[in-house]
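All remarks here apply to the structure that follows.
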Amino acid sequence: LASGRPSAGLGPGSPRCPLVDVASASNFRCFQLRHFHLDLRLNFAVKEMSGWLVLDLVPVQLGVCTLVLDSHPSLLIHSIDCKVPGAGLDEPVSLTYRVDPFTDYGSSLNISLPTAAVKPGRLIQITVRYTTTDGPAIWWLDSELTCGQTRPLVFTQGHSVCNRSFFPSFDTPAVKSTYTATVRVPDGVTVLMSASRSSYSKQDRVFQFSMEFPVPSYLVALVAGELQHVDVGPRSRVWAEPCLLSCAVKKLGGSVERWLGVAEDLFGPYLWGRCDIVFLPPSFPIVAMENPCLTFIIASILESSEFLLIDVIHEIAHGWFGNAVTNATWEEMWLSEGLATYAQRRITTEAYGEAFTCLETVVRLDALHRQLRLLGDNNPVSKLQVKFEPGVNPSTLMNLFTYEKGFCFVSYLSELSGDVTRFDCFLRDYISEFKFKSVVAQDLIDYFLGYFPELKDAAIAQREGLEFERWLSGCGPPPYEPDLSAGGALIRPVQDLCDLWRSADPPDLQTLSTFDLSAWSTFQIVLFLDRMLDHSPLPHGTPLSGSYSSLFDGLNAEVQIRWLQMVVRNTFYPDLPRVRAFLHKHVRTHKKTAAESCIRQSFWLCFCIVVLILYLFLKLVLVSLWLFYI
């Protein structure tokens with residue numbers, strides 16, 4: 001098929017950004033944000049950041065008399081002033097402001113502007129002096145909650161609408177800008193930010209940062225604590241607490257540069273310069289976050305080399321899909337996550353082979369269909385374009401559909417293009433066209449149909465049952481899933497073993513001996529346990545525990561959490577102490593202080609296990625009492 005760059009109707013690289021973002025209270029459409037600067041002092045004793053924010057803004061509309069920023073009740077605003085260079089306001093003028101409620105995840109900061117000096121195209125500088133308190137973006141950890149348990153640590157997590165509690169902003173992915181930061185800290189504290197350049201004055205204990213590429217507010221990130229690093233490549237280093245550093249370096253080795261090289265061969269140059277990784281304590285609320293130049297990742301993932309590999313490669317893929325080209329609204333998160341998942345699997349296919357990628361994809365698609373069985377095919381959260389009402393927190397819409405249904409749609413587009421390498425070229429040109437911009441789904445679709453005009457002429461977007469509109473707005477499973485038969489050599493033995501255990505008679509030892517699970521990969525064992533859980537509880541007396549308990553007990557947490565669910569759901573009483581030991585190990589390291597407002601999803605899983613154990617215990621007691629009385 002012939003292909004080439006399309007002539008977009010809006011002009012090259014002119015995305016259709018939405019006029020409204022219901023998750024933002026700001027009037028971001030009235031201004032161009034050219035740059036902002038943060039100047040902060042970190043106070044670990046009282047768990048506060050204090051300082052100021054300077055916004056370089058250019059009004060783009062006539063008659064703008066108010067600047068509205070996203071803020072949060074946890075931000076204490078002290079004062080706001082304005083300078084208009086070259087318009088008689090070279091010295092700061094104090095401004096009046098008010099804070100209004102917006103949603104349970106933020107508020108609006110309404111600032112009255114000097115109307116005589118504010119004109120379209122004229123630069124204004126707004127300075128907001130403020131102090132952070134206990135907001136959802138900022139996580140202060142006492143020393144006992146860190147991995148080393150010697151010094152406190154603080155990190156931020158902005159996705160998706162939390163950074164409005166870090167600094168007032170246009171907190172929408174539709175707005176991107178460069179930024180700089182000055183951070184003052186106590187002696188012995190190292191500060192890192194998602195920035196392309198940094199420096200440190202030891203005498204003044206001041207860190208300086210500069211992000212020379214435009215980013216949305218949610219990708220501004222900071223971590224400060226006892227951190228050390230080792231270079232693992234010409235443009236990448238690993239950061240961690242001293243007690244974790246050698247393990248992290250050993251696990252990653254020179255892989256980061258290898259993965260970057262594969263990604264560049266597929267999708268074009270890596271745009272961000274640095275590709276550093278910092279490992280954070282188990283209190284980090286998600287597995288990983290693709291902050292540009294500095295990926296945040298949870299340290300507990302180091303237990304599983306395969307999950308570590310997948311998660312780091314996924315965050316690397318975000319360097320192209322999500323960070324360079326960003327979804328303009330949270331209602332279309334799949335534009336970042338679906339494309340990054342597709343890119344991640346292209347990278348693993350090139351680096352580790354098609355069979356490995358197919359196995360990992362089967363595990364994830366199984367999970368997608370499992371979630372669909374729980375939610376029902378008509379649940380609106382299964383849409384790629386999720387329309388949410390004002391007040392709904394976009395973070396609650398992060399789910400497997402964003403990743404896996406989005407991946408399936410991108411895979412379908414790849415299939416339509418006729419050749420995977422031709423689709424790689426399309427993605428490379430898509431990045432080149434829209435880099436450092438925010439887009440909506442129609443931008444991607446228009447660019448695709450312009451790149452492959454023969455598909456547009458064939459009205460491929462209206463193909464019955466596979467209409468693009470159905471993909472975006474329809475509920476339920478993906479209308480298309482890619483062919484994963486290349487993973488058969490790894491997947492088939494797993495399914496064969498599942499079938500053996502689900503048969504009417506338990507398998508004999510000789511038959512089981514043909515399946516050497518000690519030689520299986522983590523993803524094979526996870527797939528086996530997931531599929532056995534789908535059919536639990538098993539018939540009473542099934543000797544699964546005696547066959548595998550000792551093996552699974554020595555494996556990583558991804559395996560153990562599934563195995564222990566099998567233990568509880570199938571009432572393997574001799575193994576119940578292992579559940580207690582697992583909870584003691586992991587809940588103890590995840591314990592949070594009362595002031596912290598968020599909790600990891602794994603806590604809920606552990607909580608559910610505890611509830612199930614109590615249920616089974618009570619059930620056993622009641623049965624015993626019943627037998628006693630009869």
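Heads up, residue numbers simply count up from 1 along the chain you see.
Glycine is treated like the rest: Cβ placed from N, Cα and C.
Annotation source TrEMBL lists Zn(2+) binding site at H314, H318, E337. Here TrEMBL flags E315 as active site, proton acceptor. The feature active site, proton donor is assigned by TrEMBL to Y403. The annotation domain 'Peptidase M1 leukotriene A4 hydrolase/aminopeptidase C-terminal' is assigned in TrEMBL to 489-603. Among the features that TrEMBL reports, transmembrane segment is placed at 602-629.
Feature map: TrEMBL annotations on the structure.
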{"residue": "H314", "record": "Zn(2+) binding site", "Cβ contacts under 8 Å, 6 or more apart": "A288, E290, A340, T341, Q344"}
{"residue": "E315", "record": "active site, proton acceptor", "Cβ contacts under 8 Å, 6 or more apart": "A288, M289, E290, T295, I297"}
{"residue": "H318", "record": "Zn(2+) binding site", "Cβ contacts under 8 Å, 6 or more apart": "E290, S336, A340"}
{"residue": "E337", "record": "Zn(2+) binding site", "Cβ contacts under 8 Å, 6 or more apart": "G322, T402, Y403, G406"}
Chain-mates of H314, H318, E337 with C-beta within 8 Å of site centroid, Zn(2+): E290, E315, A317, F321, G322, S336, A340, T341, A343, Q344, Y403
Helix, strand and coil totals (DSSP H, G, I; E, B; other) for the domain 'Peptidase M1 leukotriene A4 hydrolase/aminopeptidase C-terminal' (489-603): 77 helix, 0 strand, 38 coil
Cβ neighbours of Y403 (active site, proton donor) where a neighbour is any other Cβ within 10 Å: 23
Predicted model, mean pLDDT over the domain 'Peptidase M1 leukotriene A4 hydrolase/aminopeptidase C-terminal' (489-603): 85
